[in-house]
Amino acid sequence: MMSAGGTYISTASVEVPQALQDGEKFIRWDDDSGTGTPVTMRVDAKGFFLYWVDQNNELDILDIATIRDVRTGQYAKRPKDNKLRQIVTLGPQDTLEEKTVTVCHGSDFVNMTFVNFCCTRRDIAQLWTDGLIKLAYSLAQLNGSAIMFLQKAHTKLCLQVDKSGRIPVKNIIKLFAQNKEDRKRVEKALDVTGLPSGKVDSISVSKFQFEDFYNLYKYLTQRSEVERLFDSIVGNSKRKCMSIAQLVEFLNKTQRDPRLNEILYPYANPARAKELIQQYEPNKFNAQKGQLSLDGFLRYLMGDDNPIMAPSKLDLCDDMDQPMSHYFINSSHNTYLTGHQLTGKSSVEIYRQCLLAGCRCVELDFWNGRTEEPVIVHGYTFVPEIFAKDVLEAIAESAFKTSEYPVILSFENHCNPRQQAKIANYCREIFGDMLLDKPLDSHPLEPNMDLPPPAMLRRKIIIKNKKKHHHHHHHHHHKKPAQVGTPAANNKLTTANSVDAKAAQQVGLSASHEDGGVTRSTANGDVATGTGTGSAAGTAGHAPPLQQIRQSSKDSTGSSDSDSSSEDESLPNTTPNLPSGNEPPPEKAQKETEAGAEISALVNYVQPIHFSSFENAEKKNRCYEMSSFDEKQATTLLKERPIEFVNYNKHQLSRVYPAGTRFDSSNFMPQLFWNAGCQLVALNFQTLDLAMQLNLGIFEYNARSGYLLKPEFMRRSDRRLDPFAESTVDGIIAGTVSITVLSGQFLTDKRANTFVEVDMYGLPADTVRKKFRTKTVRDNGMNPLYDEEPFVFKKVVLPELASIRIAAYEEGGKLIGHRVLPVIGLCPGYRHVNLRSEVGQPIALASLFLCVVVKDYVPDDLSNFAEALANPIKYQSELEKRDIQLSVLTDEAEALGSADEDLSKSFVFVQVGGQKKELRPVESLATSPKHRPSISAAAAMSVDVTVDRTDGGRGEDSISIVAPSIQHQHSLDQSVSTSIRQVESSQFDVDLVLAEPLEKILDHKSVKEKRLEMEKKLESLRKKHDKEKIKIAGQKSSPLEGKKPKFAITNKLVKRLSNKSLNCLSPHSEPGVEIPACPLDLGDSSEESAAADAGEDLAGGSSSLDGRTQESRLRSACREYTSQYRELQEKYHEAIYSAAEKVLKTSQTGQTKQLKASLDKVTGEVMHQLQEARRNEVKNLATVHRDRDELIRMKREVASSVVERGVAERVRLKQTFDRRTDELQKQHDSVRNALAEHRSKARQILDKEAESRSCVSSNGFLVLFHGPHHHGCTGSGSSALSGNNLTLNLDAGAAGSHSAISPAKSHNSIAAAAEMKT
């Protein structure tokens, strides 16, 4: 029996009680047949099978490994039929329940089969109950060697005898093969090993000992790879036997873990080698001489002394006296569900199954029951309800059968105060001493105080529910609405997938009755109708109306944990009183109600609050407060604040649950959040996808306690761990793992093509997926030889958090079996790995033969340099880098999970232009890899998707996806299907919005206005300086007053240069870039002035002096002009591009809103179409079906079908919206980058032009240069245009005219004019 305070889990060798071997008389019964059958029930000597024989000698056999639970007494099944109860009642003593043994078995957590047996006495029933469940949860049996599983197969053959007590040969053939060719192989092997091989032959049990079966196994598998290994060890020995010295060397160099301490784990010595030879060598002569033959060597490799995992890892190996926040805790999400989030079923049984599997945190979603009995139901869906009391009783009965460590009940409470009080009373009555209703004296609820350790909370149930804080009502009730503790005000994280929630809400409303009543599934599947009135507390609305789909547990980030735990936070979330007859707003309807005093009194160490910030949590340091995040919010925190997230989880609990879009109850990869130290990573246990397989594999260790101690760097406050670390962390010894897949044995009884994949999960730097895969061995599931090169995981940064998953697949992608093995505890050397099913049960004889090498990581010379060259990710921004790192755990999670199933189910025919092109997965057309929700509902319907593609004017391709449709055998199919096809046509698709190009942005009115304003200012400045220069040129500089000026312009340049002939680009600037405006600046430098002065040779002394004086004044005016011109240019350069950026931002924001408006519009049209289809169908049904019950049933089907189809359409439109949003965002980014590049180039051009322009005089001319080669330019007394240079005549001739320069720019052209009249 289970000892007090103990569990049925054990790592000890199996000992089957003699009473179970001898057998006992029972009456087997089931309610379906209504009959009771006397049987004799037994267990074989090795504890593999439970079997019973009836009076006709008919045998039934049950694999004990598939047994999930065994019950007697209060929780055993009881016959419903009175007559059957009388038949099965034996003996006058004890009640029927106390004499009943109910055996529960199944291949997953949902589909359970119950077998019931009644005996004569209570003690007999108790003995069998305890004995069977202890065998079922024996870790020694679960992790047995390859030899043990051979013994199990042999035992089954020996039990399945015919009426004459002999073993039919056909049973042996059937065990190994189904295919005709493989059956011939088995028949030949039987013949060669001296056994009967005919199909109708049989074998005496006494002549079919285990040795005979083992010889048959050897012949079928050949094991040539083991023979090669053996030869490499013994060399050219004539006897082909391994000596003691050779065995010692093999044990120490190949089979020993080099990471182990030599004192605690000493090397093998000759004495140890002799023990192994004595144990495994079948030839006594060899054993006496200390020699090991090939047969003995194979037996050792398959034996108990050569496990793949260190036996200590299976036992309770972790320190259980650390604070609870230092452990990963096996957690379940939406525990009550057994399938789909919208249309699945609820179950009391699955609570038992999750707890028995080691789950230590389950979720209960309470709602008001119609009969004043609180119920558990998935709010606002078609999922039927179950009574809360039944669930609490199931938890009390199963919580500590397989683990004695504390269980957390995560309440999501929507009940009114009266029913909340009833729940609290049930908890006290049903749980009794197991309920932790007050904190421990050693760990008070105070800041800076750690949580108690699991060891102190053995066999305790902890309630997680909102905590009532009375002082909030007195201090904050006068605050403005914006200050009230709503998610928008208090929480920086928003509830994910509001679009999907709104979608589901509208679908639900569309399925409601015309008169305002709302349909709701009840426990027995009927649909109840109600007005749905009442406040948020639910005082009138007893059960949740079908208004909207609850997206997920809103523990903190949504609305459920709106109570804060201190005065510095805000009010509990309450709903204002509503006018009579009005329903609360949908977004309020799903919120949790305020915690009642009775249930609040039960809450202590797990108090959910809104998450505000890591800084706030660190400042308060209340370890008893915890927050919950959906997977998207947690991923955001992980990417943006990884180190802070890890530090937060050192002291406080955090719960991460699947996003609300996972209607099919799929899971995210839990490794993603284990990397951040999140303790309660909650998964949908009903879905055995890749994520759940990994979860089950990891929590199998530490005695399946449900608690795994986190690595030291995730616990110590004085240590820092970055989950995105790529290099070795100081203080952590990195590891290297190498795995060679050599062969497989009996992977499948089909003649299949098989391959093996080896993946590693851990930190992003350690995670390797879909990289290592063996070749495909064709037509051989019996003994495939892979003999691959080693799969090397060169550097494992954090081995304590890393695990290996080895999986065998059929060529089509169907999972054969897998195994999850933590790197810490992995045994090196040549090892057999027995494969498991998705739920973690052993698969008959299926095993892989591996060569494993584990060692500490030693970097190669210059490895860091080589890594930097080969890994450009290091030079990206941190967020981009983390996105890429996380992709190995997020992008492919759902795709890989579906690969474990038959891939043919995930593929559909794709038609392009009316022709069948190829077979392609649905997701590849439905969504982008980055946002790929796993929606099986969408795949369960007939969906036509039209994809518009602009392709050089070649028109559009219509892509039709044909998936399995929901099977409804009434006219709804036709009407709604027609409606769906209309809804899904292109006219109801989300509009395609294209980003405005840069040219349109720069051509916008506000940008043009700025450009025109600049041109006017520059023109005004030019005119001002023209006047100044004319004034200077007209002043008398010579003592010869009264004479005509001697300066006369000899050439007049009035040619205006258009933008095409002369723009502001320098000779070295890039073509095609125009800046808004740039004047012809007249640069000046001392060198240029000196060169000009040296080069001038003006005729006459007085006139020469006058010319120089006048030129210096002109040059001074030119400098002032150039300076002011440049200032204006700088000012408007910024103004023009700021205006362009504003236009761009406004345009892009408007386009995003336009896309969202398009989604809302088309969604409304979709809902309208569905509602119209439903109304029409209901009218049609009323005319066709006269039977009232049939009519009600058909209406239910209509409502259910519309909801499912509506959700699928919502999902499709949302996916299209997300895809087009992503595309639009990329276009926006491209335009923003183009504008920035345009701005930068314009700046470069301005700077180059400023440097290259100059104003010098040469041979009587003032030359305005635009290029850097002006020193070689000469004038000849005439106007010239050479390249970008303007030459103006300034010669002081007899005409005596004054000179002036007039550079100007108007409307993107440069005009230079100089004119003076005498």
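Using N, Cα and C of the backbone, Cβ positions are placed for all residues, glycine too.
Source: prediction; values computed, not measured.
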Query raised in the report: In Swiss-Prot, the residues K464, K466, S628 are said to bind substrate. Which of R641, R655, R662 is said to bind at that same site?
Result: R655
Report summary line: Ranges in play 215-237, 1043-1065, 1296-1318, with Swiss-Prot marking region 'Disordered' at 1296-1318
Query raised in the report: In Swiss-Prot, which of the ranges 948-980, 1080-1112, 1212-1244 has the region 'Disordered' annotation?
Result: 1080-1112
Query raised in the report: C-alpha of H378 (active site) to C-alpha of S628 (substrate binding site): distance in Å?
Result: 18
Report summary line: Students should find that the Cα atoms of H333 (active site) and R655 (substrate binding site) sit apart, in Å rounded to an integer, by 10
**Report entry** Cβ neighbours of K466 (substrate binding site) where a neighbour is any other Cβ within 10 Å
**Finding:** 27
**Report entry** Helix, strand and coil totals (DSSP H, G, I; E, B; other) for the domain 'C2' (715-843)
**Finding:** 3 helix, 60 strand, 66 coil
Requested in this report: Check the domain 'C2' (715-843) for me and report the mean pLDDT.
Outcome: 94
Query raised in the report: Hey, does DSSP put H378 (active site) in a helix, a strand, or just coil?
Result: coil
Query - Span of K464, K466, S628, R655 around substrate - largest C-alpha separation, Å - result: 15
Query raised in the report: For K466 (substrate binding site), what is the secondary structure state per DSSP, taken as helix, strand or coil?
Result: coil
Requested in this report: Starting from the Cβ of K464 (substrate binding site), draw a 10 Å sphere and report how many other Cβ atoms land inside it.
Outcome: 27
